[in-house]
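Student: Dumping what TrEMBL says about this protein:
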DOMAIN    B:16-270  domain 'Glycoside hydrolase family 65 N-terminal'
DOMAIN    B:327-677  domain 'Glycoside hydrolase family 65 central catalytic'
BINDING   B:TRP361, B:ASP362, B:LYS590, B:GLN591  substrate binding site
ACT_SITE  B:GLU488  active site, proton donor
DOMAIN    B:687-750  domain 'Glycoside hydrolase family 65 C-terminal'
REGION    B:766-789  region 'Disordered'
COMPBIAS  B:767-776  compositional bias 'Pro residues'
COMPBIAS  B:777-789  compositional bias 'Basic and acidic residues'
Number of protein chains: 2
Amino acid sequence: MIDHDAFPIEPWRIRETRLDLDLLAQSESIFALSNGHIGLRGNLDEGEPHGLPGTYLNSFYETRALPYAETGFGYPEAGQTIVDITNGKLLRLLVDDEPFDIRYGELIDHERVLDLRAGILTRVAQWRSPAGKQVKITSTRLVSLTQRSVAAIEYVVEAVDEFSLVTVQSELVANEDQPEMSSDPRVAAGLDHPLEAVSHEHTEHSGLLVHQTRNSGLMMAAAMDHEVEVPGRVEVTTEARADVARTTVICGLRPGQKLRIVKYLAYGWSSLRSRPALRDQVAGALAGARYSGWQGLLDAQRAYLDEFWDAADVEVWGDPDRQQAVRFGLFHVLQASARAERRAIGGKGLTGTGYDGHAFWDTEGFVLPVLTYTKPHAAADALRWRAATLDLAKDRAEQLGLAGASFPWRTIRGEECSAYWPAATAAWHINADIAMAYERYRLVAGDDSLERECGLSVLVETARLWISLGHHDRHGVWHLDGVTGPDEYTALASDNVFTNLMAALNLRVAADACRRHPDGAAAIGVTTEETAAWRDAAAAVHIPFDRELGVHSQSEGFTSLAEWDFTENTNYPLLLHEHYVRLYPAQVLKQADLVLAMHWQSHAFTAEQKAHNVDYYERRTTRDSSLSACTQAVLCAEVGHLELAHDYAYEAALIDLRDLHHNTRDGLHMASLAGAWIALVAGFGGLRDDEGVLTLDPHLPDGIDRLRFRLRWSEFRLTVDATHAEVIYSLRDGPHSHLTIRHAGAELTVSTQEPTTVAVHVRKPLLPAPSQPPGREPIRRRLGSDVTS
Amino acid sequence: MIDHDAFPIEPWRIRETRLDLDLLAQSESIFALSNGHIGLRGNLDEGEPHGLPGTYLNSFYETRALPYAETGFGYPEAGQTIVDITNGKLLRLLVDDEPFDIRYGELIDHERVLDLRAGILTRVAQWRSPAGKQVKITSTRLVSLTQRSVAAIEYVVEAVDEFSLVTVQSELVANEDQPEMSSDPRVAAGLDHPLEAVSHEHTEHSGLLVHQTRNSGLMMAAAMDHEVEVPGRVEVTTEARADVARTTVICGLRPGQKLRIVKYLAYGWSSLRSRPALRDQVAGALAGARYSGWQGLLDAQRAYLDEFWDAADVEVWGDPDRQQAVRFGLFHVLQASARAERRAIGGKGLTGTGYDGHAFWDTEGFVLPVLTYTKPHAAADALRWRAATLDLAKDRAEQLGLAGASFPWRTIRGEECSAYWPAATAAWHINADIAMAYERYRLVAGDDSLERECGLSVLVETARLWISLGHHDRHGVWHLDGVTGPDEYTALASDNVFTNLMAALNLRVAADACRRHPDGAAAIGVTTEETAAWRDAAAAVHIPFDRELGVHSQSEGFTSLAEWDFTENTNYPLLLHEHYVRLYPAQVLKQADLVLAMHWQSHAFTAEQKAHNVDYYERRTTRDSSLSACTQAVLCAEVGHLELAHDYAYEAALIDLRDLHHNTRDGLHMASLAGAWIALVAGFGGLRDDEGVLTLDPHLPDGIDRLRFRLRWSEFRLTVDATHAEVIYSLRDGPHSHLTIRHAGAELTVSTQEPTTVAVHVRKPLLPAPSQPPGREPIRRRLGSDVTS
């Protein structure tokens, strides 16, 4: 838990006012900078102390054997683990003969600021060395959103009270030592010195190292160059060895004098290109960075972000906590995806090694909805990445004796990397989640060029998978047995409602896409008989409903399972204290499952069913998954439990800023950060799109006075500005002058000419707000006023 | 597949007429000797060539870490693997300067015979060395059934055609090199040099080595001594080092002269006793062996087996194949258990390292039924072993948050060693299988002293487990969800019929036992409320039945799952070619499950239900488990498919003699060998005991003219002698002069005075004989006449 004092709430900045070594690893994740290609954890410039040193390149991984004490057919043999690559962040400082290390001497002042509009991390430290010399260090770090291969650091040292001899060692270091790994299954596998040196070179001001992974055979290059400004004499030298390149800058500073170093960094990797090609690539990137110069990089960064915020910002009046958090979330979602460019968006982005750097359904299920409405270009790139792995997914399906394509539960490059199949291979829904993401992109972008380019084959092959997975019973009802839905405390169930609805969606969307692209469909062998079979299965899908209780059964028989024996002493997360053999056959949920179905397939449920289902599942959901709170917020808002929804929105938004799941050290929870947006926009804004229509229905909780958010829809930009009384829709751009949306269940045409103001449709809850398992009431309630704002 | 020619069928012997190197590993398992404490694989005296060198001591294991790529709460961290201990079988021979090795020179004649009445393995080899010297070697090996720590070998070398200098090196060798292991999950984990030398000593004729395992910390001692007889001068010397003790015998032999060596071996191990105590223990055992002498050991062995066969033999007229096989099976079951004495009876006995030497439910489910009726003392000892592990089982239950005791799915010492919980921890039925074995022992032995001694606590703690696993639904019906029944191609199902019936049995038996032993029950906290709850749950247990199809559903919803798409090209066993994610949600069975329930809980099904259930499940059962054929034989016989039953009896009986599952090299299938007896006695003899009454109903297939078998029941010995027309019951011994049994559904009182002859009750099948999945028709049918006899 990170408390408020060290991180005061400000609308556009994350500011740390003092350095707490116990929170160092968490702050490294929070202050991570990335553009989706390069990721730099917020490690201190001088390298030590650190929680987890981390520098990453998207999809630069090492393979490792996955061990099984008892193996089985089709278990993946090789895992993929993100590699801590050559660290270019390092700038070690010596003041006279003493190294700047905040654990020694006196740290007079230390502040770090992540500026969400500037896209930079700034650090100011005032330090007195053990020998009594005082210096002020100001460093500013960026990972360029406009120059994909470039990062840069401006490092300024100022002598405060007396003359000091100052030495800065600016380094590239490969194969950094890693801290010991935990036994928590959610943490990454450790890799010991994964990089083999290929070559190294240097000039007076610059250095370049090329390395290669042992097993995956990927080659990477890292290069640095420096601009040095200082009054008086300065000596700059560079040396390079296999795993280290070091530029040393020495000068003397009188009080008030400053040494300013701009360190330009360039990174590149390839599985194909030669060492000289890669070497030239990073040298070229470095030249581009020097050409832009430090100020040029800063300006471009600001311009890029200004454009982003103009179309993506969410404004929250009356709730500064959530205001800060939703922007923090949007910023990191952007960082994870902006320049990923047909590479995976990992569950932690490029902020840490948690989950081995793997991408899950989090991407299509939680991150892409946000990007599709706010940065559609990045969403399209992520979908192109999935499509690029289609052949691997088809191979996997074939290995499993199935038709079509089976996308991996967790992966970096596209191969299945999960070693626990009941919560992975059996979680077939990821295939439908991907299909839904394509369909949403088509709707929101308002054109089907991406579908034509690559979506069609993904939709067709996933539809084929579903047909080979499902079967009609003797009464003609279509079933999916032995599946695991989103809730990982139940596995291998029959007719999971979420999975069945999503599979039906996938089948229908694929059939529709084939109708739109008859030639493309014919080219991959789709016949009208095949699409008819898809529609038939979708129409016959079984949706378990418990008539006695009047609620949907998450999966067949779920509502007849034993209740979990929650007590005041129950320890969470349950997965670290209970065996799956106990969790699976009990009515206990790790995360929203049926409730998620009611969000993503809203039209399949009546208002009354939603109210009763929320009531039923709320009481049984532990929220042990970080994916859960935002969905609970959305549905609680829909059924009128607005205060409860507000609490859940808090959890989704603050997960990393407050380290609510105690694992922010391993990296940020991208899906939950996206969930901060989802909780506000889909929850209090009422955004739905499952019927192909932009649907909104704003309704605010007491704690939020006004909510204003921006959406893209078919080349329009729409601003939604809601108070407790009314909603103002403002339309910009667009292919036409009018757009018909659905507001509070009724059609509403809005115009680019002038804003449209309508009344809030007040929703009354059908049932009283439900309780949660003991100890799992929303965290804001448990903590009381110290975290409310 | 082992064909007939090399193994002619004889009623009391397994005779191998020529040495086939491709079948060497299989023959080592078949010719393994054991007394349940010591196990010697049938390796050649000279050590090489070998398939798998193997010398074992019951429960002498090494621990190894169980690796998990993704771990979970409660996963066992340490596995136990049987260790290939110090090999005392080695007798290397040099003829002049050339080593006797059947791969060189000329093997003129080679025969091995396992004599099931004498309890010895004899080998005769005539060999001409590359230099042309001919010798005849006759070796006879035994593992004493009467002296638990002793094995012995009589080794005779005769010069045939000219004078030869003969050197015999008789050895103890620790840490033998092991062949490479396969990736088949059913094979053992390899251990590299698991023994650390503790001490070694020797005299002129003898040697002794003490070793210790690295991790499990068990200490073992092996010792040898020799008697040497030869005309003329002989030199005998012994040396010893850390891992080798070697006695060298050198002499010259003229044509017709013989060198005879008797090698006595003694083995012991302990987790507690000191090195000197262990050393003295084996020295003492060796002294005992020398005192008996070779002939004394032979005589005692024969006497022990005479007594066994007198009470256990099964005679089969008209079917020599099965005659040999059932005796082979009984012999190995006896070898695995005779002197195990409160140690586990492994799934492979002590014949190989398959399944790491672990004991499974095979013991209580298949081996103990046979022992209980034929060698009850050994059955009681095995049950005492289980009871000795009760505290470990209680610890495991507590770890899982359950009451009572949860016995391990696979283990050597008692700790759970399974690394794949869906087919292990979730297979709770093993607890009820154990309870059933206690109850059967009580019934058959006719007294409850074992129950009082240790059974009661096992029954109570397993009953407590079931209560904490199950739950009543809102209609008062009692369910067990998330369980895996015997069929391992379905897992984590609800209300598996087998498991539910066995759990109910366990609950009732425990309640009855508490009534018999009120003081013992009170001492472990059992109240009348508790036993009432047990009876209530048992009475309310849910038994899924598909009314539309008129068959029981193996588990809830099973009969609505997709059918498996069997084709002519289906590869078996499916587990090596299909992912569990596909197998689990399909109507495909690895092994009898519901059909086993109809055997063990026969009274819970009507004759009509049995007929329909057999018909339904036969068509969906792959028999990929070696445990299946005997059960299918039993139920096919009961519903009148006698020829099909006969075919299944063949498979159960010949599994190892014909290597039907292609893994006899790793050790014999004890449960299937016991199944040879079960198929005949429960199948064609109709033996049932699930209602507490000795129930018989003999009915022979065409291919068997007459079947005579022996049973113990409450101090009686009963011989059942059946032809196609009539059955003669002969009663011996016993506490009274009369015994009331049930014959063909009606009560029948038999007397010790004279045999009772009754007519066979002819059974007519209700339905035609069912078919099996393609490629899984009984093997005798597939192979045609070459294996019929």
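Any Cβ shown, glycine's included, is placed from N, Cα and C.
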Student: Any same-chain residues 6+ apart from B:TRP361 (substrate binding site) with CB under 8 Å of its CB? Would you list them in sequence order, or say none?
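Tutor: Once residues fewer than 6 apart are set aside, B:TRP361 (substrate binding site) is near B:TRP409, B:ALA427, B:HIS429, B:ILE430, B:ASP433, B:ILE434.
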Student: Round to the nearest Å and give the CA-to-CA distance linking the residue listed as 'active site, proton donor' with B:LYS590 (substrate binding site).
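Tutor: One finds 6 Å between the Cα atoms of these residues.
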Student: If one looks at the chain holding B:LYS590 (substrate binding site), which residues at least 6 apart in sequence have a CB under 8 angstroms from its CB?
Tutor: B:ASP487, B:GLU488, B:TYR489, B:PRO573, B:LEU574, B:LEU575, B:THR621, B:THR622, B:ARG623, B:ASP624, B:SER625, B:SER628
Student: Report the DSSP secondary-structure composition of the domain 'Glycoside hydrolase family 65 C-terminal' (B:687-750) as helix, strand and coil residue counts.
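Tutor: Looking at the domain 'Glycoside hydrolase family 65 C-terminal' (B:687-750) with DSSP, the answer is 0 helix, 38 strand, 26 coil.
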Student: I need the neighbours of the substrate site defined by B:TRP361, B:ASP362, B:LYS590, B:GLN591. Which other residues of that chain put their C-beta within 8 angstroms of the C-beta centroid, in sequence order?
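Tutor: In sequence order, the nearby non-listed residues are B:PHE360, B:GLY365, B:PRO486, B:GLU488, B:SER625, B:SER626, B:LEU627, B:SER628, B:ALA671.
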Student: I'd like the Cβ neighbour count for B:GLN591 (substrate binding site), meaning other Cβ atoms within 10 Å of its Cβ, all protein chains included.
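Tutor: That number is 22.
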Student: Under 8 Å Cβ-Cβ from B:ASP362 (substrate binding site), six or more apart in the same chain: what's there?
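Tutor: Same-chain residues close to B:ASP362 (substrate binding site) (Cβ under 8 Å, separated by 6 or more) are B:GLY347, B:LEU627, B:MET670, B:ALA671.
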Student: Any idea what DSSP makes of B:ASP362 (substrate binding site), helix, strand or coil?
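Tutor: In three-state terms, B:ASP362 (substrate binding site) counts as helix.
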Student: Are there residues at least six beyond either end of the compositional bias 'Pro residues' (B:767-776) with Cβ under 8 Å to its Cβ atoms? List them, or say none.
Tutor: 564, 566-568, 570, 572, 588, 611-612, 614-615, 618-623, 636, 639, 641, 643-644, 782
Student: Within 10 Å of the Cβ of B:GLU488 (active site, proton donor), how many other Cβ atoms are there?
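Tutor: The answer is 23 other Cβ atoms.
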Student: Write out how many residues of the compositional bias 'Pro residues' (B:767-776) are helix, how many strand and how many coil, based on DSSP.
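Tutor: Each residue of the compositional bias 'Pro residues' (B:767-776) counted once, the result is 0 helix, 0 strand, 10 coil.
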Student: Max CA to CA distance in Å over the substrate-binding set B:TRP361, B:ASP362, B:LYS590, B:GLN591?
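Tutor: The substrate-binding residues span at most 16 Å between Cα atoms.
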